[in-house]
């Protein structure tokens, strides 16, 4: 036996409960009694005591070793070896006819599922009756009443073992449920902690942008009023401005402290997963293996938290519902996709019910344009796949933004709101498109916020110039009113986004990030109006199609109706081809299509149908 096999045996024994130790003790004491009996009465043995002890030891050890590989193999070995030894004892010693009763109890205990169908008859009938049958054949005399008593006692021992097995199984299931409840309570607290952390980050972000935008607008408004108030009141206004700026700075500090407390966005996915899996293995004793595929690249905080939460929920479900003992986790960093794949060896079934945990995972992934898929394997176990589009985090330099608007208060307000974001950097402002075209080659912005209505050069002309000179630059159009025609026009000219100036700071910041990742975006109000107009246009188009269908109910095109008219006139295929300047093969193909649309089989039926229904004019 090698070192690995010894380690596996120790791991197998380590999982035993008190019930398993009791069964082992019964088996061991039975074998020890047999060996001691041989030593005590060795003068009655026809074989050397050493050989007898070795055989008895093998009868004791071999079934126990086979038990960790296969329960049926153990039962078969127990019946053959222990039963054979007990049968042999009946011919050498008197008063040993009851030696197989403890083994019958053990066999009944280990007969699970359908194995009792063959272990029961062997342990209750065959083994007790075998000495009588063999003895009768070779001249030994066993009283029939003794055999019947043996069968009754073996049946009672087997039944007690089987009943004890049922009680033991219930006890083990109770321990499993208790253990799972402990795991559930532990991970519920972790889920609550992460949920609170996410809500706190969300609140801090929204409060930061909302209060920052409001305070900035107040500061800008007071700055504009400075020139219109008397000098005597200017000092009071300066005091108010100072208080407003101080309050804004303090609010930013508080919000940043909230946002960075707890789960750090700088933590790599590998280190976060290793820590989570380590805690899970210590708490549950389940084997979890993590494999990383591809080089890890930077991800946004929301994507990290989503993947972290999905792994935590999946691990918990694998143990709680699937009773898994081994779990494999794979994290794939592909060019266009991040994929988290979790496979377990638990008790998978054909139907998956989306409870609160799975529904929460699905909503988290869909919020980031991701997807959740769950597959039950035929051989058992469940595979959970969480995928997200590879929208990588912005580099440390940030997204470079150019603001183009003719209103100074709008430019300054947008600049103050955006520069508070760590991943956004305002590299320039311009009051018209002409100035913007001069700034772009110098500052090389990633995203341009472009006003639609401006003097000198408006947004539409500026967009056209940008597309001609910098076709890959991202441009978001800003407007004051919901003008669907203008929105459709600018989007058609290559704008990557179209937003109202009244959009909240949170939506504006997220829009910039989404557009920078290569997506297109429009305000939901404008989108609703556009979709409504598209729906009306589709209805008009359907009306025209229905009208055309009424004019020609079989859906024949103008060319097909002309060919059908030529067929009615009796022209040959070659003549028709020369008439409409097509090849003869093309005309034959069109004729086949006409037959199919009319539901006829040949030329004669097509001509008859065309004349009867007046399809040619």
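Cβ atoms here come from the backbone N, Cα and C positions, even for glycine.
Database features (TrEMBL):
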type	residues	note
TRANSMEM	18-39	transmembrane segment
TRANSMEM	45-66	transmembrane segment
TRANSMEM	73-93	transmembrane segment
TRANSMEM	118-138	transmembrane segment
TRANSMEM	150-168	transmembrane segment
DOMAIN	400-516	domain 'Response regulatory'
MOD_RES	451	4-aspartylphosphate
DOMAIN	549-614	domain 'HTH luxR-type'
Sequence-distant residues near the transmembrane segment (73-93) by C-beta distance (under 8 Å, 6 or more away from its ends) are 34, 37, 41, 44-46, 55-56, 58-59, 62-64, 66-67, 99-100, 103, 106-107, 110-111, 115, 119, 122-123, 126-127, 130-131, 134-135, 140
Count, for each of 18-39, 45-66, 118-138, the Cβ pairs lying under 8 Å from the transmembrane segment (150-168), and report the range with the highest count.
-> 118-138
Other CB atoms within 10 A, centred on residue 451 (4-aspartylphosphate) | 25
Could you give me the DSSP helix, strand and coil counts for the domain 'Response regulatory' (400-516)?
-> 54 helix, 27 strand, 36 coil
How many helix, strand and coil residues does the domain 'HTH luxR-type' (549-614) contain under DSSP?
-> 49 helix, 0 strand, 17 coil
Who are the long-range neighbours of the transmembrane segment (118-138) in its own chain, taking Cβ under 8 Å and residues 6 or more past its ends?
-> 75, 79, 83, 86-87, 90-91, 97, 100, 103-104, 107-108, 111, 144, 146-147, 150-151, 154-155, 158
